[in-house]
Amino acid sequence: MTILVVTGTGTGVGKTVVCAALASAARQAGIDVAVCKPVQTGTARGDDDLAEVGRLAGVTQLAGLARYPQPMAPAAAAEHAGMALPARDQIVRLIADLDRPGRLTLVEGAGGLLVELAEPGVTLRDVAVDVAAAALVVVTADLGTLNHTKLTLEALAAQQVSCAGLVIGSWPDPPGLVAASNRSALARIATVRAALPAGAASLDAGDFAAMSAAAFDRNWVAGLVG
């Protein structure tokens, strides 16, 4: 059994498509997969990351908890809606209920690592500690990514949360000078597990499956579940 939290250096870096791609690659390797997104914002405009994962990767074990209409940080979205954030133990229980032998459970955060997900002030980093999970960090190839990535990795290390590697959530074709340079530099910071092509979320299920299988190292994926 393995629990892996999927965080990012910020909002809009591609966490959902990375969750879907890793889930797809794992399923193609014969691994049972569940995906959990405890907190979702922006539902009023149709945001539904779990449904997107299901559409792209064919995962049926999908679990969510709190949903807020406005596309804001969870605490702000909850306040705007006159609602509360979930409690820490609710999130931990949601994840624990999914975990079982032979299964890879992916837990997607909201925004970056230190965004408040539960009251009082509980972040995805705290949840990772609670469920003994490593963190896969989704990054960009854009200017500024090196600083954002290092800050995220330092925050993980401060609470002894292992980094399972980096994934570039949107790799341009062709890559420019900055993107190419940053990819090389990111690989010196931590292992880059994959670089997903820009626009991957628009692929149909068959093409997405092929892309996902090619993106990740098969041995690494197979080794995620012991």
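Indices start at 1 and increase along the chain as displayed.
Backbone N, Cα and C define each Cβ position, glycine as well.
Note that the coordinates shown come from a computational prediction; the quantities given were computed from them, not determined experimentally.
Here Swiss-Prot flags 12-17, Asp49, 108-111, 169-170, 197-199 as ATP binding site. The Mg(2+) binding site annotation in Swiss-Prot covers Thr16, Asp49, Glu108, and the record cites sequence analysis as its basis. For Lys37, the entry in Swiss-Prot reads active site, with the evidence type sequence analysis. Annotation comment: Swiss-Prot describes Thr41 as substrate binding site.
Everything Swiss-Prot records as a feature, shown here on the structure.
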residue	record	DSSP (3 states)
Gly12	ATP binding site	coil
Lys37	active site	strand
Asp49	ATP binding site	helix
Glu108	Mg(2+) binding site	strand
Ser170	ATP binding site	strand
Ala198	ATP binding site	coil
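In sequence order, Val13, Gly14, Thr140, Ala141, Leu196, Pro197, Ala198, Gly199, Ala200 are the residues of the chain that are 6 or more apart from Ser170 (ATP binding site) and have a CB within less than 8 Å of its CB. Cβ-based crowding with a 10 Å cutoff singles out Glu108 as the top-ranked of the binding-site residues Asp49, Glu108.
Comparing Cβ neighbour counts within 10 Å across the binding-site residues Gly12, Gly14, Gly109, Gly111, the minimum falls on Gly12. Gly12 (ATP binding site) sits 13 Å from the residue listed as 'substrate binding site', counting Cα to Cα.
With respect to their backbone Cα atoms, Thr16 (ATP binding site) and Glu108 (Mg(2+) binding site) stand 7 Å from each other.
For Thr41 (substrate binding site), the same-chain residues lying six or more positions away in sequence with a CB closer than 8 A to its CB are Asp47, Arg67, Tyr68, Pro69, Gln70, Pro71, Met72, Ala73, Pro74, Ala77, Ala110. Within the same chain, the residues at least 6 positions away from Lys37 (active site) whose Cβ sits under 8 Å from its Cβ are Asp49, Leu50, Ala63, Gly64, Val107, Glu108, Ala110, listed in sequence order. In this structure, the binding-site residues Thr16, Ala198 were compared by how many other Cβ atoms lie within 10 Å of their Cβ, and the smallest count belongs to Ala198.
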